[in-house]
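Colleague: The following feature annotations were taken from TrEMBL:
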ACT_SITE  E197  active site, proton donor
BINDING   H14, H16, H194, D274  Zn(2+) binding site
BINDING   D275  substrate binding site
DOMAIN    9-327  domain 'Adenosine deaminase'
SITE      H217  site 'Important for catalytic activity'
Amino acid sequence: MDTLLKQLPKIELHLHIEGTLEPEMMFALSQKNNIPIPYKSVEEVRKAYDFHNLQSFLDLYYAGASVLVDREDFFSLTWAYFLKCKEDNVIHTEIFFDPQTHSSRGIDVGEVIEGITLAMKKAKEELGISSYLIACILRHLSEEEGIATLQSLLPFRNKIIAIGLDSSEVGNPPSKFKRLFELAKKEGFYIVAHAGEEGDSSYIWEALELGVNRIDHGVHCSEDSKLVQYLKDKQIPLTVCPLSNLKLKVFKTPKEHNLVWLLREGLCVGINSDDPSYFGGYMGENFEMIAKNFDLSIDEIVKLSINALNSSFLPQNEKKTLMSKIENFKNVTKS
Ligand code: HPA
Ligand code: ZN
(Lines of atoms letter the chains of each structure in order from A and count residues from 1; the text may use other names and numbers.)
(Lines give C-alpha, C1' and ligand atoms only; values in the text may rest on other atoms or scores of the structure.)
(Ligands and ions follow the chains in the order given, each with its own letter.)
Protein backbone atom coordinates (compact mmCIF):
# COMPACT_ATOMS: atom_id res chain seq x y z
CA MET A 1 0.00 0.00 0.00
CA ASP A 2 2.81 2.43 0.91
CA THR A 3 4.48 2.11 -2.51
CA LEU A 4 1.12 2.42 -4.24
CA LEU A 5 0.41 5.62 -2.35
CA LYS A 6 3.84 6.96 -3.27
CA GLN A 7 3.27 6.18 -6.94
CA LEU A 8 -0.18 7.78 -7.16
CA PRO A 9 0.11 10.89 -9.35
CA LYS A 10 -0.92 13.76 -7.07
CA ILE A 11 -2.17 17.31 -7.52
CA GLU A 12 -1.61 19.85 -4.74
CA LEU A 13 -3.91 22.89 -4.51
CA HIS A 14 -3.35 24.17 -0.96
CA LEU A 15 0.28 24.83 -0.14
CA HIS A 16 1.76 27.96 1.43
CA ILE A 17 5.32 28.28 0.18
CA GLU A 18 6.33 30.05 3.41
CA GLY A 19 5.05 26.95 5.23
CA THR A 20 7.64 24.75 3.51
CA LEU A 21 10.51 26.53 5.29
CA GLU A 22 12.34 23.67 7.03
CA PRO A 23 14.23 24.49 10.26
CA GLU A 24 17.59 23.76 8.57
CA MET A 25 16.92 26.39 5.91
CA MET A 26 15.57 28.78 8.54
CA PHE A 27 18.93 28.58 10.34
CA ALA A 28 20.97 28.92 7.17
CA LEU A 29 19.02 32.00 6.00
CA SER A 30 19.05 33.52 9.48
CA GLN A 31 22.86 33.44 9.35
CA LYS A 32 23.14 34.51 5.70
CA ASN A 33 20.84 37.51 6.16
CA ASN A 34 21.89 38.26 9.72
CA ILE A 35 18.35 38.01 11.03
CA PRO A 36 18.15 36.55 14.54
CA ILE A 37 15.67 33.77 15.38
CA PRO A 38 14.77 32.79 18.95
CA TYR A 39 16.06 29.19 18.69
CA LYS A 40 19.45 27.58 19.39
CA SER A 41 19.02 24.41 17.39
CA VAL A 42 16.93 22.63 14.78
CA GLU A 43 15.57 20.40 17.58
CA GLU A 44 14.47 23.45 19.52
CA VAL A 45 12.61 24.76 16.47
CA ARG A 46 10.79 21.47 15.99
CA LYS A 47 9.90 21.36 19.69
CA ALA A 48 8.32 24.82 19.39
CA TYR A 49 5.91 23.47 16.75
CA ASP A 50 3.40 22.37 19.35
CA PHE A 51 0.30 24.31 18.39
CA HIS A 52 -3.07 24.52 20.10
CA ASN A 53 -4.93 26.52 17.45
CA LEU A 54 -4.48 28.45 14.19
CA GLN A 55 -3.17 31.65 15.83
CA SER A 56 -0.46 29.85 17.82
CA PHE A 57 0.80 28.47 14.49
CA LEU A 58 0.51 31.76 12.59
CA ASP A 59 2.64 33.58 15.19
CA LEU A 60 5.57 31.19 14.54
CA TYR A 61 4.92 31.00 10.80
CA TYR A 62 5.21 34.79 10.34
CA ALA A 63 8.28 34.91 12.60
CA GLY A 64 9.91 32.11 10.58
CA ALA A 65 9.22 33.87 7.26
CA SER A 66 11.26 36.88 8.45
CA VAL A 67 14.50 35.14 7.38
CA LEU A 68 13.41 35.24 3.69
CA VAL A 69 14.91 38.33 2.09
CA ASP A 70 16.07 38.20 -1.52
CA ARG A 71 15.03 36.41 -4.69
CA GLU A 72 17.65 33.68 -4.14
CA ASP A 73 16.03 32.85 -0.77
CA PHE A 74 12.60 32.51 -2.40
CA PHE A 75 14.11 30.46 -5.20
CA SER A 76 15.83 28.07 -2.74
CA LEU A 77 12.66 27.72 -0.68
CA THR A 78 10.52 26.92 -3.71
CA TRP A 79 13.04 24.60 -5.32
CA ALA A 80 13.33 22.58 -2.09
CA TYR A 81 9.53 22.19 -2.16
CA PHE A 82 9.61 20.95 -5.76
CA LEU A 83 12.15 18.29 -4.81
CA LYS A 84 9.66 17.05 -2.20
CA CYS A 85 6.96 17.08 -4.92
CA LYS A 86 9.15 14.84 -7.05
CA GLU A 87 9.54 12.34 -4.17
CA ASP A 88 5.77 12.23 -3.65
CA ASN A 89 4.91 12.16 -7.37
CA VAL A 90 3.08 15.50 -7.25
CA ILE A 91 2.64 16.28 -10.96
CA HIS A 92 0.95 19.68 -10.67
CA THR A 93 0.83 22.21 -7.81
CA GLU A 94 -0.83 25.58 -7.21
CA ILE A 95 1.31 27.49 -4.74
CA PHE A 96 0.18 30.21 -2.29
CA PHE A 97 2.38 33.04 -1.16
CA ASP A 98 1.60 35.93 1.22
CA PRO A 99 2.79 39.20 -0.40
CA GLN A 100 2.01 41.26 2.73
CA THR A 101 4.16 39.06 4.98
CA HIS A 102 7.12 40.27 2.93
CA SER A 103 6.13 43.79 1.79
CA SER A 104 5.48 44.73 5.44
CA ARG A 105 9.23 44.09 6.06
CA GLY A 106 10.25 46.27 3.14
CA ILE A 107 10.83 43.37 0.74
CA ASP A 108 10.00 44.13 -2.89
CA VAL A 109 7.12 41.87 -3.95
CA GLY A 110 8.72 41.65 -7.42
CA GLU A 111 11.77 39.95 -5.87
CA VAL A 112 9.52 37.43 -4.12
CA ILE A 113 7.64 36.63 -7.33
CA GLU A 114 10.86 36.43 -9.38
CA GLY A 115 12.45 33.94 -6.97
CA ILE A 116 9.37 31.71 -6.78
CA THR A 117 8.61 31.75 -10.51
CA LEU A 118 12.22 30.99 -11.43
CA ALA A 119 11.96 27.77 -9.41
CA MET A 120 8.57 27.03 -11.03
CA LYS A 121 10.13 27.33 -14.48
CA LYS A 122 13.05 25.08 -13.53
CA ALA A 123 10.62 22.52 -12.04
CA LYS A 124 8.71 22.36 -15.32
CA GLU A 125 11.88 21.99 -17.38
CA GLU A 126 13.85 19.61 -15.17
CA LEU A 127 11.23 17.71 -13.16
CA GLY A 128 8.22 17.87 -15.48
CA ILE A 129 6.09 19.41 -12.70
CA SER A 130 3.66 22.15 -13.75
CA SER A 131 2.57 24.86 -11.33
CA TYR A 132 0.64 28.10 -10.84
CA LEU A 133 1.07 30.87 -8.30
CA ILE A 134 -1.72 32.25 -6.07
CA ALA A 135 -1.32 35.46 -4.01
CA CYS A 136 -3.11 35.32 -0.65
CA ILE A 137 -4.39 38.42 1.11
CA LEU A 138 -3.97 38.50 4.91
CA ARG A 139 -7.45 38.73 6.40
CA HIS A 140 -6.33 40.07 9.80
CA LEU A 141 -5.34 43.29 7.97
CA SER A 142 -7.79 45.81 6.50
CA GLU A 143 -9.52 45.54 3.14
CA GLU A 144 -7.81 48.81 2.11
CA GLU A 145 -4.39 47.25 2.73
CA GLY A 146 -5.52 44.18 0.79
CA ILE A 147 -6.63 46.30 -2.16
CA ALA A 148 -3.31 48.20 -2.17
CA THR A 149 -1.57 44.80 -2.23
CA LEU A 150 -3.74 43.61 -5.11
CA GLN A 151 -2.80 46.76 -7.03
CA SER A 152 0.91 46.18 -6.34
CA LEU A 153 0.52 42.74 -7.97
CA LEU A 154 -0.96 44.02 -11.23
CA PRO A 155 2.45 44.51 -12.93
CA PHE A 156 2.93 40.74 -12.39
CA ARG A 157 -0.56 39.86 -13.58
CA ASN A 158 0.66 37.18 -16.01
CA LYS A 159 2.55 35.32 -13.25
CA ILE A 160 -0.38 34.99 -10.84
CA ILE A 161 -3.43 32.85 -11.57
CA ALA A 162 -5.61 33.58 -8.55
CA ILE A 163 -6.13 35.67 -5.44
CA GLY A 164 -6.71 33.90 -2.11
CA LEU A 165 -7.51 34.79 1.50
CA ASP A 166 -5.68 33.41 4.52
CA SER A 167 -4.48 34.10 8.11
CA SER A 168 -6.67 34.48 11.25
CA GLU A 169 -10.16 33.40 10.24
CA VAL A 170 -12.50 33.95 13.18
CA GLY A 171 -13.56 37.61 13.32
CA ASN A 172 -12.33 38.24 9.75
CA PRO A 173 -15.10 36.82 7.54
CA PRO A 174 -14.93 36.75 3.74
CA SER A 175 -17.54 39.55 3.50
CA LYS A 176 -14.87 41.94 4.88
CA PHE A 177 -13.15 41.59 1.47
CA LYS A 178 -16.15 41.94 -0.86
CA ARG A 179 -14.75 44.93 -2.80
CA LEU A 180 -11.29 43.40 -3.05
CA PHE A 181 -12.59 40.18 -4.56
CA GLU A 182 -14.84 42.08 -6.97
CA LEU A 183 -11.73 43.92 -8.18
CA ALA A 184 -9.74 40.68 -8.42
CA LYS A 185 -12.46 39.07 -10.55
CA LYS A 186 -12.59 42.16 -12.77
CA GLU A 187 -8.84 41.82 -13.32
CA GLY A 188 -9.45 38.26 -14.52
CA PHE A 189 -8.04 36.37 -11.51
CA TYR A 190 -9.63 33.19 -10.22
CA ILE A 191 -10.52 33.53 -6.55
CA VAL A 192 -10.18 31.16 -3.59
CA ALA A 193 -10.56 31.63 0.17
CA HIS A 194 -9.72 29.82 3.37
CA ALA A 195 -13.09 29.25 5.04
CA GLY A 196 -14.44 26.81 7.60
CA GLU A 197 -11.01 25.91 8.99
CA GLU A 198 -11.73 27.30 12.46
CA GLY A 199 -14.71 29.42 11.42
CA ASP A 200 -18.21 27.94 11.34
CA SER A 201 -20.27 27.20 8.24
CA SER A 202 -21.30 30.89 7.86
CA TYR A 203 -17.71 31.62 6.74
CA ILE A 204 -18.10 29.08 3.94
CA TRP A 205 -21.46 30.52 2.85
CA GLU A 206 -19.87 33.99 2.77
CA ALA A 207 -16.96 32.75 0.66
CA LEU A 208 -19.46 31.20 -1.76
CA GLU A 209 -21.27 34.55 -1.96
CA LEU A 210 -18.00 36.12 -3.10
CA GLY A 211 -18.01 33.65 -5.99
CA VAL A 212 -14.91 31.63 -5.04
CA ASN A 213 -13.73 28.88 -7.38
CA ARG A 214 -12.57 26.74 -4.45
CA ILE A 215 -12.87 26.69 -0.66
CA ASP A 216 -9.59 26.11 1.20
CA HIS A 217 -10.18 23.71 4.13
CA GLY A 218 -14.00 23.94 4.40
CA VAL A 219 -14.16 21.05 6.87
CA HIS A 220 -16.66 22.85 9.12
CA CYS A 221 -19.28 22.39 6.38
CA SER A 222 -20.30 19.08 7.93
CA GLU A 223 -22.15 20.87 10.75
CA ASP A 224 -24.62 22.29 8.18
CA SER A 225 -26.54 19.70 6.13
CA LYS A 226 -27.88 22.33 3.70
CA LEU A 227 -24.33 23.45 2.98
CA VAL A 228 -23.11 19.86 2.48
CA GLN A 229 -25.90 19.32 -0.04
CA TYR A 230 -25.06 22.60 -1.80
CA LEU A 231 -21.32 21.80 -2.03
CA LYS A 232 -22.20 18.38 -3.39
CA ASP A 233 -24.74 19.63 -5.95
CA LYS A 234 -22.42 22.37 -7.24
CA GLN A 235 -19.26 20.24 -6.86
CA ILE A 236 -17.46 23.18 -5.21
CA PRO A 237 -13.93 21.96 -4.49
CA LEU A 238 -12.69 21.77 -0.89
CA THR A 239 -8.90 21.67 -0.54
CA VAL A 240 -8.62 19.65 2.67
CA CYS A 241 -5.39 19.41 4.72
CA PRO A 242 -5.54 16.45 7.13
CA LEU A 243 -2.24 16.83 9.03
CA SER A 244 -2.77 20.59 9.36
CA ASN A 245 -6.22 20.02 10.88
CA LEU A 246 -4.76 17.59 13.42
CA LYS A 247 -1.81 19.82 14.36
CA LEU A 248 -4.13 22.83 14.85
CA LYS A 249 -6.67 20.73 16.80
CA VAL A 250 -9.50 21.23 14.32
CA PHE A 251 -9.97 17.47 14.90
CA LYS A 252 -8.69 15.80 18.05
CA THR A 253 -7.76 12.42 16.57
CA PRO A 254 -7.05 11.11 13.03
CA LYS A 255 -10.19 8.94 13.05
CA GLU A 256 -12.37 11.98 13.79
CA HIS A 257 -11.25 13.69 10.59
CA ASN A 258 -14.22 14.10 8.21
CA LEU A 259 -12.36 13.97 4.85
CA VAL A 260 -13.41 10.39 4.04
CA TRP A 261 -16.99 11.07 5.14
CA LEU A 262 -17.11 14.08 2.80
CA LEU A 263 -15.62 12.00 -0.04
CA ARG A 264 -18.23 9.27 0.44
CA GLU A 265 -21.02 11.87 0.57
CA GLY A 266 -19.92 12.81 -2.96
CA LEU A 267 -18.24 16.18 -2.30
CA CYS A 268 -15.32 17.29 -4.45
CA VAL A 269 -12.54 16.94 -1.84
CA GLY A 270 -8.80 16.49 -2.25
CA ILE A 271 -5.76 16.06 0.02
CA ASN A 272 -3.19 18.82 0.52
CA SER A 273 -0.30 19.63 2.86
CA ASP A 274 -0.91 23.34 3.74
CA ASP A 275 2.30 24.14 5.69
CA PRO A 276 4.21 20.84 5.58
CA SER A 277 7.30 21.94 7.48
CA TYR A 278 5.13 22.99 10.44
CA PHE A 279 2.51 20.23 10.33
CA GLY A 280 4.63 17.11 10.06
CA GLY A 281 4.50 16.10 6.43
CA TYR A 282 4.18 16.73 2.73
CA MET A 283 1.64 15.16 0.35
CA GLY A 284 2.90 11.61 0.89
CA GLU A 285 2.49 11.79 4.67
CA ASN A 286 -0.98 13.33 4.36
CA PHE A 287 -2.17 10.50 2.09
CA GLU A 288 -0.56 7.93 4.41
CA MET A 289 -2.32 9.32 7.47
CA ILE A 290 -5.71 9.04 5.79
CA ALA A 291 -5.02 5.58 4.28
CA LYS A 292 -3.78 4.27 7.65
CA ASN A 293 -6.86 5.41 9.56
CA PHE A 294 -9.59 4.73 7.02
CA ASP A 295 -10.29 1.66 4.95
CA LEU A 296 -10.02 3.33 1.55
CA SER A 297 -10.36 1.42 -1.71
CA ILE A 298 -7.95 2.09 -4.59
CA ASP A 299 -10.83 3.75 -6.43
CA GLU A 300 -11.39 6.13 -3.52
CA ILE A 301 -7.70 7.02 -3.28
CA VAL A 302 -7.57 7.66 -7.02
CA LYS A 303 -10.77 9.74 -6.77
CA LEU A 304 -8.95 12.14 -4.40
CA SER A 305 -6.42 12.83 -7.16
CA ILE A 306 -9.07 13.06 -9.86
CA ASN A 307 -11.06 15.57 -7.76
CA ALA A 308 -7.94 17.69 -7.27
CA LEU A 309 -7.09 17.63 -10.96
CA ASN A 310 -10.65 18.64 -11.90
CA SER A 311 -10.46 21.46 -9.32
CA SER A 312 -7.18 22.83 -10.65
CA PHE A 313 -6.90 25.92 -12.84
CA LEU A 314 -5.23 23.98 -15.66
CA PRO A 315 -6.78 24.33 -19.13
CA GLN A 316 -8.88 21.39 -20.36
CA ASN A 317 -6.21 19.94 -22.67
CA GLU A 318 -3.65 19.78 -19.84
CA LYS A 319 -6.21 18.28 -17.49
CA LYS A 320 -6.79 15.56 -20.08
CA THR A 321 -3.07 14.76 -20.33
CA LEU A 322 -2.67 14.51 -16.55
CA MET A 323 -5.93 12.54 -16.23
CA SER A 324 -4.48 9.86 -18.49
CA LYS A 325 -1.52 9.55 -16.08
CA ILE A 326 -3.91 8.99 -13.18
CA GLU A 327 -5.99 6.50 -15.21
CA ASN A 328 -2.79 4.64 -16.16
CA PHE A 329 -1.88 4.34 -12.50
CA LYS A 330 -5.33 2.91 -11.78
CA ASN A 331 -4.98 0.33 -14.55
CA VAL A 332 -1.54 -0.75 -13.29
CA THR A 333 -2.88 -1.31 -9.76
CA LYS A 334 -5.68 -3.47 -11.15
CA SER A 335 -3.50 -5.66 -13.37
N1 HPA B 1 -4.84 28.91 7.65
C2 HPA B 1 -4.86 30.24 7.57
N3 HPA B 1 -3.82 30.95 7.20
C4 HPA B 1 -2.69 30.32 6.87
C5 HPA B 1 -2.61 28.95 6.95
C6 HPA B 1 -3.75 28.20 7.33
O7 HPA B 1 -3.78 26.96 7.42
N8 HPA B 1 -1.35 28.61 6.59
C9 HPA B 1 -0.70 29.76 6.29
N10 HPA B 1 -1.51 30.79 6.48
ZN1 ZN C 1 -3.80 27.15 4.27
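A Cβ is built for glycine as well, from the same backbone N, Cα and C atoms used for every other residue.
Give me the structural setting of these features: burial, nearby parts and distances.
Modeller: Annotation note: E197 (active site, proton donor) sits in a coil segment as assigned by DSSP. Neighbour list (E197 (active site, proton donor), Cβ cut-off 8 Å, at least 6 residues apart, same chain): L54, E169, D216, H217, G218, V219, H220, N245, L248, V250.
In sequence order, F96, D216, H217, T239, V240, C241, N272, S273, D274 are the residues near H14 (Zn(2+) binding site), counting only same-chain partners six or more apart with C-beta under 8 A. Secondary structure from DSSP puts H14 (Zn(2+) binding site) in a beta strand.
Non-local contacts of D275 (substrate binding site) by the CB criterion (under 8 A, 6+ apart in sequence, same chain) comprise H16, E18, G19, T20, F57, Y61, S244. D275 (substrate binding site) falls outside any helix or strand according to DSSP and counts as coil.
Cβ-based neighbour count (10 Å, all protein chains) for H217 (site 'Important for catalytic activity') stands at 29. For the recorded site, H217 (site 'Important for catalytic activity'), the DSSP three-state label reads strand.
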Colleague: Taking the centroid of the Cβ atoms of H14, H16, H194, D274 (Zn(2+) site), which other same-chain residues have Cβ within 8 Å of it?
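Modeller: Checked against the 8 Å cutoff, the neighbours are L15, G19, F96, D166, D216, H217, T239, C241, S244, N272, D275.
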Colleague: On average, what pLDDT score does this prediction assign to the domain 'Adenosine deaminase' (9-327)?
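Modeller: It averages 98.
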